Each structure stands twice: as C-alpha cells, then as structure tokens.
Amino acid sequence: MEPRMESCLAQVLQKDVGKRLQVGQELIDYFSDRQKSADLEHDQTLLDKLVDGLATSWVNSSNYKVVLLGMDILSALVTRLQDRFKAQIGTVLPSLIDRLGDAKDSVREQDQTLLLKIMDQAANPQYVWDRMLGGFKHKNFRTREGICLCLIATLNASGAQTLTLSKIVPHICNLLGDPNSQVRDAAINSLVEIYRHVGERVRADLSKKGLPQSRLNVIFTKFDEVQKSGNMIQSANEKNFDDEDSVDGNRPSSASSSSSKAPSSSRRNVNLGTTRRLMSSSLGSKSSAAKEGAGAVDEEDFIKAFDDVPVVQIYSSRDLEESINKIREILSDDKHDWEQRVNALKKIRSLLLAGAAEYDNFFQHLRLLDGAFKLSAKDLRSQVVREACITLGHLSSVLGNKFDHGAEAIMPTIFNLIPNSAKIMATSGVVAVRLIIRHTHIPRLIPVITSNCTSKSVAVRRRCFEFLDLLLQEWQTHSLERHISVLAETIKKGIHDADSEARIEARKCYWGFHSHFSREAEHLYHTLESSYQKALQSHLKNSDSIVSLPQSDRSSSSSQESLNRPLSAKRSPTGSTASRGSTVSTKSVSTTGSLQRSRSDIDVNAAASAKSKVSSSSGSPAFSSAAALPPGSYASLGRIRTRRQSSGSTTNVASTPDSRGRSRAKVVSQSQRSRSANPAGAGSRSSSPGKLLGSGLAGGSSRGPPVTPSSEKRSKIPRSQGCSRETSPNRIGLARSSRIPRPSMSQGCSRDTSRESSRDTSPARGFTPLDRFGLGQSGRIPGSVNAMRVLSTSTDLEAAVADALKKPVRRRYEPYGMYSDDDANSDASSVCSERSYGSRNGGIPHYLRQTEDVAEVLNHCASSNWSERKEGLLGLQNLLKSQRTLSRVELKRLCEIFTRMFADPHSKRVFSMFLETLVDFIIIHKDDLQDWLFVLLTQLLKKMGADLLGSVQAKVQKALDVTRDSFPFDQQFNILMRFIVDQTQTPNLKVKVAILKYIESLARQMDPTDFVNSSETRLAVSRIITWTTEPKSSDVRKAAQIVLISLFELNTPEFTMLLGALPKTFQDGATKLLHNHLKNSSNTGVGSPSNTIGRTPSRHPSSRTSPLTSPTNCSHGGLSPSRLWGWSADGLSKPPPPFSQPNSIPTAPSHKTLRRSYSPSMLDYDTENLNSEEIYSSLRGVTEAIEKFSFRSQEDLNEPIKRDGKKDCDIVSRDGGAASPATEGRGGSEIEGGRMALDNKTSLLNTQPPRAFPGPRAREYNPYPYSDTINTYDKTALKEAVFDDDMEQLRDVPIDHSDLVADLLKELSNHNERVEERKGALLELLKITREDSLGVWEEHFKTILLLLLETLGDKDHSIRALALRVLREILRNQPARFKNYAELTIMKTLEAHKDSHKEVVRAAEEAASTLASSIHPEQCIKVLCPIIQTADYPINLAAIKMQTKVVERITKESLLQLLVDIIPGLLQGYDNTESSVRKASVFCLVAIYSVIGEDLKPHLAQLTGSKMKLLNLYIKRAQTTNSNSSSSSDVSTHS
C-alpha cells in the first residue's frame, strides 16, 4: 500500500502540465475510493507533502485547467478526510485566498465552493474565517471582493450563529473606502447580508464607527430596502439580542456565542451554488441592484419611479404642445440648473400618465425630443442621467413599438453609460436598455446591440450578450428574421470572446437563438471547433435543464430569485398581471394526457420520443441532450414564455421534415422560418403542450363554419395563415370544424379573443388529445396532407381561411394607427411579408391584414440593410394591392428611393422584388409619375444592358412594357431622344439595342402627330444614323436601321424634313438605307398586310386622321399620303379599318412571325401594283426632294414671321383633303388614279413644309420647336442638365455656325482622346461664345454645357482648365441661361478646386467668381449653404469665398430672410481646422455685417468672446478702409 501513496505523491509533484491533466481524474478516483486509499490516513507526513504539493503546484498553477483539477482533488480529500482535513486548512488557505482573485470566473466560483465545503465538513466556519481575515487586505482587488462574496455565501450557508462577526465587521468597514468600486460594492453587500441575519444592532454599531455620513446613508438605505422586502432572517428573533450585546463589542455577540438564545438552525443542507447565485437569491427582489453594488438601480426602482411624478392635466393638444416645447427648451440647454432638467424629465412621465399618447401631435413632438434625450443621457449629473433613463424606460413600456424611432436614436448613447464607473449611471443605462428590449420590439435595434458586442470594453460586451439573451427570450421570431445572419455571427464571436463571462452569456444566447432558428443554430454549431461545441453542450447540461424551464422562471439563480423578480419581468407588454408560470405548465401536462412533449426546440430528435409517436427524420445528435429526459420532467413540458405564449396554435403532425428537422415548405420565404427545430411543431412559435394538432376548440366551441370538401381539397399545404409561423387551420382534414385560437401576440393573428385577454398565457385552454380525432399516429393522416402543394390564387387562400373572415368587422376597417400599439402594426409584423401568407403569384385579400404605416414602409425601403429593404418592398406591395394611394409627398420620397434602388447590389434578393413592386406602382400611380418618367425609363433601359439573370431581365422587360403602355407616347419619345443625345450617358451595346427596340415598339404605337422635329430629335436621329454603322455589334446596326425605317413610316413628311436639316453625310446614310429598304420591299412582290401586323394600332385610332396635308388632290377618299403609307391594306380603293384581318392575303406570313421578326420588308406600305420602273422613279423623287428640302428648310428658318403668318392658312379637313394657300407656289403635283402611295410621298416632299396639325396638338410644323408638355416636365423634374428647350424659339442662325458647333460638339465628345484636336475645338468654342450668335445658344446651350462639365473630369489638366475658361466666358455672355442649371454648374466648379494642378484651380476660382456675379444671388446662396455645411476642404473654402461675393450683391431684405441658412455654415467654418477656412468665414461674416449691420449680432450668440473680438476687429478694419461708409455700423450696402 505504501508504494501506491508514494506514487500518488510523485504524480502530484511532477511539473508536466499534460501529465497532470491526465492523472488528475485518476487521483480523484483514487482518493474517493476508501479501499484503494486506506493508507491515506496512516502516514501524516506523506499527506502533508501531498496537500502542500496540491496547494502550491496545482492550485497556484498558471494553467486554469490544472487549478480546477487541483481544487477537485482537494475537494475529494475533504470529502474523504472530513474533520481530519482540519490540520491541512492552514496549508491550503493562502492558495485558495489567492485564487479568489483569479481572472477566470470558473476558478473563482469553484474556489468559493471549496471554501464553503471546508467550512461545512472539515472545520467550523469561524475557524476558517479566523485564518482568512488577511484576505480583506489582499493586494488583488478581486480577492478583496471575493472575500466579501465568500462571507455572504457563508452567512447564507451556515447562518450568523456560527461566526464571530465582531472580528469581521471592522475589516469590512475598511473596505468601504477601497479605491475599487467593485470592492466597495461587495463590502456594502456584506454589511447588508449581516444586517439581514443580525438585525437593527448592526445599524447602531455602524453609527459608532465614524464612517462618513454620506456612506452611512447609502448603507442605511439598503438596510431599509431589505427590511421592507420582508427578507429579514432574524426579524422574529431580534428580542434574543440584549442591548449590551454587540456585533462590534469586545465580547462575542449573542449571535455567535455558544449559549445563544436563538436556536441554531442548521443551514448546512443548503445546496451549494455559486456565490453570486446565493447572494442574488438571498437579497430577493433587490438582487440585481445589490449585485451591481452601491448606488445601483434595478427595474423595480424604475417601475416605482414611473409613477413617482407630479400629477398634471392636459386640456388640449395646444396645451400639450406648449408643455413639450418648454421641456425641450430646458433639456436642450445644459446651462439650465440640473434640478430643472430633472423636473422636466419627470414632467414627460407626468404627461404620459395624463394621456399624452392619445393626442395626435404627441409623437411628432416626441421625435423632436430625441436630441434632448441624448444630451440628458450624456449629462455629467448622475441624477439627470438616471431620470433620463427612467423616462426612456417609461416611454418604451407605455408606447411599445410606437417608441421605435426614439429607441433607435437613443440606444447608442445609453450604451456609452454601461462602462461608466459611477454605478448609478451604468445600471440606469442597463435597466433602460432592458426595458426598451422588453417593450419595443423593433428589428432596427438588433444591429445597435450586435455592433456593441464587439466593443473594446469588457463590461459593454458582457452586457450586450445579456441584452441579446433577453431579446431572444422576449421577442417574437418574425422580429428577428431579417437579422439572422447578424445574430449568428455575433453569437459566434461571443462564443470565442476573450472574456469568460461574455462567453457564458453568448452560450446562453446560442440556445435562445436555437429556439428561434434551429437550422441556422445547427449550422453555426457545426462551424465551431470541437472544444466550443463541448462548451455549448456542457452549458446545457450544467444548467440542470434550466434552458428547458419555462421562460418566466428561467434565471441564473435558484427559484427564489424568480419568485422575487421585479414585476416588470412578469407582466405582459400591455401591462397585464403576472403570467401563470410553471403551475400552468404542470396543469397542462395533466390536461393533455398522453401528449407530454419533449424539448423539441432544442433537440431535433425530441419529437420522435414524444408520446404522440410522430415519425420524423433524425437531426444532429449534438442537440439531443434533452431527449433522454423523462416525460414528466421539466424538459417534457412546453416552454412557457412570459411574452411569447401560444394559446393554442395548431401544428401539422405529419409535415415531412428535412434532414435538419424542419418542415419542407419550400415556397415559404425566409420570413416563415420555423422557430422550433421540432418537425411536428415547425410552424409554431412556442412548444406549449396545447400546441399539437389535436387541440380542439377554445372553450370547446366552434368559431367558424366547417371547411367544405372543395376547400379542403385545395388546402393541403403547410402554409401559414396570418401568423407566419402558424400552420393552416385546415391543413389536416379532420380539423375542418375547428377554429384554432392563435396567440394574439403573433402578428396578423385573428382577434377572436378580446384585447384584454389576448395575452392569456395558458398553454392548454380546452385542448383535447389527438386520439379524440383518431390521430394518435401519423399513419392515420392521409398521405395527401404531405403533398405540400402551393396555394397559387387568392381564392385558395380565402377558402383556407374562411373562418378567419368571421373576425369582428371593427378590426378590419380601422384607419391607420388606431391600434398601432398592437404587435400587428409593428414594422416587423409578418403582415409585411406577402410570402408568409400566400405565394408570390397569389393575391392577398387586403382585409386579412393589418395595413402598415406608410412612413414605416418607406423607411424600410430606404434602409441600408438589404433585408429591411426587402421587407419594405413587401409592405409596399401590400399597400399597393390594398389600393392605398400615396400622397404627393409620399410619392416624391418613394420615387427618390426607387431611383436609388435601380442600383441595388442585391439583384436576386431585392432588385427582383423591386421590379415587381415597381410594376404595381406604375399601374396605380401612372398619372402622378410624369415628372419621374425620365428617370424610370432611362434606368430601366440601362438595366437591360446589365448582366442580369434571365428571370430578372424578364421582369425589367415587363416593367418597360408596362411603362410604355402607361405614359403618353410623345413624352416617352422625347425622353428617349434626349437620352440618346445626352453626353453624360455612355450606353453600352446592349443598352443601345434596348433603346432602339423600345423606340421601334413605341413608333409602332405612336400617332404621327407624336413625332416632333425638335433639336434633340434631329441630334438623336443623327446619332441613330451613326449607329447603323456600329462596327462592334450587328444587333445595334440592325436595330438602328429598323428604327429609322419605323420613324420614316410613322410620319414620312416630317421625318423627311428632319433629314433635310441634317448635314449631308447623315442625309446620304439615311437616304441610302431608305432606298435599300424600299427596293427590298418592292422585290418581295407581296401586298404586305403588315400595316396591321408590323405596326401595333394606336391607342387612339380616332386620332389617326392625317396629321399632314398635301397640296395634291387625292382621288381616293382624300386620304393623306401618310395614311396611305401607313395604313392601306387594300391599295387605294378604300381606306382600311385600323384592324385589318391578317388573313386577307393568303400568302402573307403568319401574324406571330411578322410581329417577332420586325423585318423592314414587312413595314407599312402597299406595293400591290408597283412595277420596278415606277419604284425607281419614286426613289429618285425622294432623293431629289430631300436635297431640295435641305435648301428650302434654311430659307424657311430665315422667315419665321412669315411662317407664323401662314399658320392659319392651312385648312385641314376631317377626311384628309386640304386647301393649300394661294401663295404657295412650290410644285404641287396631281396624283392620278393609278399612282401609288410611294409617289404620294415623293409629291409631298415637293411641297411647302409648313403645315398645321389637327387634333390635340394643333401646331404647325417647324424644324426646331420642342414639345411644350416636355418643357413643363423638365422644369419640375429634371434638375440635372437635360435637353430642355424651354427658351427655344426660331432664330436667325447662320449656317456656318450651326455646322461648326455641331462639329465642335462631336469633337468634344471624344473624352480622354485626341487632346490637341479637343483643345482646338475648345478654343474655337471660346471664340463663338464671344460672338452674338443667339441661335447657336438657343439650340446647343444644354449640349455645350453638359460637354463642358463632363470635360472637367478629363485626364489632361490643360483641357480641364480650358473647359473652365469656356464655361466662364459663357457665364459672362449668357448668364440667364444658367437659371435651371445653377446647382449643377456650381457643384462642378467647386469640385474643380480639388484639382492637383494650379492652372485648373486658378481657372476654377475665376469661374466661381464669375458664377457669383452672374447667377441670381438668392438662388446662388441656397445652393451654397448646404455645400458649406457638408463639404470638406477645399470645396468649403471655395464655397465660402463665392458666398462672400454673392453677399456683396444681395439686398438687405433678401439677406435677412436667408440668414438662418447662411450663419450655421459660417459658424461651423469659423471652427474649422484649416486657418484659410476660418479666415474666409470671418470675411463672409464681415460682408454680411456690411449689408445688414447690427441685425447680425443675435445670430452670433454661440461665438466665444475671443472669436467675437476678432470679428469686431475685422469689421472695424473694413469700416475704416471704406471711406464711403454710410454709417459706423454699415460699411456698404448692395442692392
């Protein structure tokens, strides 16, 4: 036996850490076995060496695992030796005291446990404490704190009778002045615990200690709180302590004397837990505050303070507004006395209690208080911070989700309080966050919390994981869905956190996360290293199935704490009373009979072991720790959450789970992800026993009509209804007569129970077992239930929820916001999710959903988080489908959001849904979107050139088709023309093809009158002509040719005139194309019916009356050549109807083929009787006419007045006949009966161009006018430089200048190429700007401006400088033209100040100076103010200098009005780090003073004394240098 003991000693004394870890468990087993270690008690020397080795080498090891093993071995020795271990206490105590200050929480806790065990089994507590008193003066603050905690634990475990407290209290009093706050807090808690056991004598004795009165007050307040709580141990036995007995006297107190009158109640049977648990449980309801230490507050303190405010009354909304404005004024200025600020915060609570939330304007004013709340939360006065936190908590608890904006705004500020060393501030912040998390379930709070989980502060990280755990316990699953990935990533980081307590909290979070999203949790689990996986499992095991306890009772301490928890933790969000807790759970077990459930939301296999015998596939064994628990254990009960009870949701027992234990409802979106891993409960939020399908009717009564067989046939789908996690009432055919009650807390659920009782937490309200329906086993369920087919129409949905339509009418037709405190109106409500109700193609009955707040939907759409944008789009779809029209302001904001969404990077997730929403939006609001059409059309066309998935591209095409059919054709056409010539756009080949195809399809539907020969049209047509020779793409070439032919066919006369105005090269290209087209079409020899096939009839057939008249006499019904060309199917014998039958000509190709091919040979003309000679003569006529027209059009341009005089002379008859003016001398030719449409075209080209258009437009033709409707559109919608001819009139333009400018523009469009040529072009343009060529500017100004601004980004600095010089010259000569482009020009000019080349900067400064003197002062200042406030150096400097020049031009009255906008930016500039910016700001202020004088002074109140002195100095200097000063206070005034 002797050698065995020596070998143990050798193993203990070895230094190798690995071997120690191996032999540790063996030593424990050896010492625990009395037979093997019989020699342990015989050799005292060996035992001494053994214990000494354990104490010095193991317990003092640097490896915490060795330390824990050493303690376990000592614990085994204590158990083995009992009181014989007393001799070793002196050996081990120094090491154990040191370990009380260990950095590892697990080491400290095990150390406490071992010490308590020694006191319990080896020696009496006083013996041990006599040797531990030195720990109160230990150099490690954690050790000093640990000693206090150990004392508390000893008092709880052994009682006060076993200790001579008179020896200990002085040491505790010394620690009250400890430099470390945690030690001070622990000391106070120790005194409180002594008071709890001993009674009032402690108060009297402490008064004799000479402690500072402030410290005594804090301690005595704690004493009073404990006394009021009813947790006193010795209150009944206080008479046993004589007056002369003292806990601090020279002789032992009666509590510690052996002859104590109080009976010694043995407390050794108390289960030994961690010190923190013992402490928190013993202090009852004050546990959290006591745990935090002196000055700390908890939720109960907050709840008491909610009502502890003066009573006020609100008489009107005006009264409320005035009160809040006063409060805001006080809170926004920290110069007010702190007591005033505290009273103001209390008054907010008073207003809330007086019913402020019932007033409409309250929430508007509440938003304005955000800044004041932030300031209060940052206050240096702890009392102000405390009141601010209490007020925020009160707002959250009263307003619920309506406090979303305030909560989101203030949360980051509150987080900054957590690491504060002042406990009152830190704990106030913590409690405020907890209250907000409990009551305001806004998904936007999740990123705020998760971002702080990676804080550098350990305290913040710990708290954040606590908050996350609370959030996962309290919130509904749908509120978490959009942040699944963020939550998983945060929990993963927490599990790897450097701090042990943070890791523990993160592991709790993991299991909370698992209860919501089992699949993601399993995925996360498998990504962890094995050691972390073991830690997660051990956390579950060590918690003694505490994870599976009902949520209302889950805590880190004994059940006493949960009984004494603050009321707020137990009440429902609506303020109802405490939940029924575990008693309900117990009752429900008996009620449900055999339906005892396992913890299936943790264990994916648990459903298989439940009594319902549901077959399911096996999940990961890693999560099966709860599966083996007996049916009657806590784990077999449903999880009753305080805030998430299921009052009877139905679960499809037979839904087939996948390998991850989740129902395979594939069409269900992410928003329908199951909270439970249990296949049988995959659609539900809670695991309450009453949740199984067999549950019958609430109260036993049927609430809806039986489901008919037809509807039953359509509803075999695991589709949620209203509640995105609940299954359909009629998924199982047998439940057809039941109306399954659902928890009213889940979004979109039926309101069959009243609002007052909607939070009923009973898990079993009259549910019956499955056997009642014969559904005890899954085999009895029809196989068709598992088919899981998808509902595709709204009728399916209506049938599936026929009973839901019986809900009270009151709830269906409520206006917005009436019940927005209800969860169904939260921004995360599953009513937002269309997929949570029906398939994408299915309609959603709008009366089945609570409509969402439009502002909330728009906020989601504008979010930077893609999942929130997706949620917003779903909400918007619901709004649009419910025929909810948007206001003008909402429309404007939504258009801005949609404009940004065109560039959304999440194409599959968000952009696809955006396109679907866009189509609905266009259809409903097309009449209000005219101003946004340019952006819509151009962005969609750009998207056609992007690399998109086929499905997404199809949606873009659909959006284009809807756009084409929804807006006026002429407006679309003009936008496309403008887009083509826009120099800022560089469309790729795909975009070009998309544009051309769109124009071609548009041309087939346009009226001839819609084609307008404007400058943009001519420029666009010339560009399209160049595209017909695109070398890189045959698709572009073909599409461009088809567009030219389509436009020619659309309005031959006007298009011919347009060609005549183009340069010769363009004419030749187009004429050649048209010749070939006509030649090819004539060679086909078919009388093409494409007049009705290749061309889609106009939406207004009645307006097809010929828009042009010819001087010729039509012998066939007076039909115009244009009409003959475009619409004749039967030759000239009769005008055909718009929709001729394609089968009128048997040899014609099929309708479908012709429509698809867009073949030029199939366009609209009739060649039935043409021979080749006539064709070529006609072609020659067309060519000659174009050439002649190019000269005539120039003559016409020189006679604008004459043309106007002719305007009324052209008379157009309804049948297409015309009376030509007598003065018209140009060759009108007669058309004989045998001549064809082509000759009519030729003859038309030989006539005088001017014609009056009939119908709505009633305008004459001229080559340069632009559509009036488009002008209006441009002014209102397009701030950027687009081609707006609002000032366009006919001018006398010399032909050489027009051609020259066109060539220059073409040259300038070669960006970053041909540097020398472009320099020459810019110099030439510089000359033209100095000449008085008004016509050039009328036609080309916008194109020139755009090209110049684009050239400012050129690679060559000399080009950039030259462009600025040209721009400056145009500003000098044409200032009025910049009115609509001021913002763009100013921005580009100011940005040029950042250039690295001095030459460019100098040119930019000159241009800015000219801008300041050219543009209207008020307009200029409105553009400059935001730039000054937001831009960085040097742009802000240039803007301030420019503003200074503008101020010198402005009138006093105008400047006074704009002062509110100007001053903030200048004051900001006065504080700038750049001295030049500060100087410029001062000069600008001086210039303002020169204009308005002393009126400036009130706006400078924020300036410090030194800055005011400096400003006054400059003002005086300016006054003295200006001899023309009108007065001492006004240096100069400018009108």
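Each residue, glycine too, has its Cβ placed from N, Cα and C.
Per Swiss-Prot, the phosphoserine annotation among the candidates S545, S829, S1333 falls on S545. Residue-level annotations in Swiss-Prot identify, among T577, T1092, T1521, T1092 as phosphothreonine. Among S572, S620, S1110, the residue that Swiss-Prot annotates as phosphoserine is S1110. As a whole-number mean, the pLDDT of the region 'Interaction with microtubules, MAPRE1 and MAPRE3' (662-782) in this prediction is 39. Counting residues of the repeat 'HEAT 7' (1457-1494) by DSSP class, helix then strand then coil, yields 34 helix, 0 strand, 4 coil.
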